[in-house]
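Q: Take this structure first; my questions come after.
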């Protein structure tokens, strides 16, 4: 049975603009839902999984070289199952990895934000990422690691839409693309 509101994943390497886009997207879509009589009581919720993992300590170890925690898929899934009803829909899931998804049927669409490496380098440098961490993320973008993970993990390749997110014009266009997809689902 189709959910009344979809679950979407916004993914991409760190620095591709996921969290900023997700937060604004949530606000825009929820304003649209308020205008519709048939959507009373429904709203989209932004789940920033990186923040949840950090705040709830859902990691198994720390990688000193990359200055990053290695999250536990098991702990994350237990937490999500206990705290949220993903099967009901209404979630904008913001994360750089999709391998945590055990039930692929709970996801209706994946938007993969891509970014040119020169823009990515600048954004990660502004975040004071280590040289090794910047190199690792740029290599992930060049070799399309996240896209390959999605295609390996989800049998329905129509679930994926790639969108480039280098500048403000593309950002605004991406907001519109995703908003329109969500509203057409409803």
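Numbering starts at 1 and runs along the chain as it is shown here.
The backbone N, Cα and C atoms fix where each Cβ goes, glycine too.
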Q: Pick from 115-125, 126-136, 137-147: which stretch is listed in Swiss-Prot under region 'LID'?
A: 126-136
Q: Write down the single range among 48-71, 72-95 that appears in Swiss-Prot as region 'NMPbind'.
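A: Feature region 'NMPbind' in Swiss-Prot: residues 48-71.
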Q: Could you tell me what the rest of the chain brings near the region 'LID' (126-136), counting residues at least six beyond its ends with Cβ under 8 Å?
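A: Result: 14-15, 65-68.
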Q: For the region 'NMPbind' (48-71), what are the same-chain contacts with Cβ under 8 Å, counting residues 6+ beyond its ends?
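A: Sequence-remote neighbours of the region 'NMPbind' (48-71) are 19, 22, 79, 93-97, 100, 129-130, 132-133, 136.
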Q: Under a three-state reading of DSSP, tell me whether residue 17 (ATP binding site) is helix, strand or coil.
A: coil
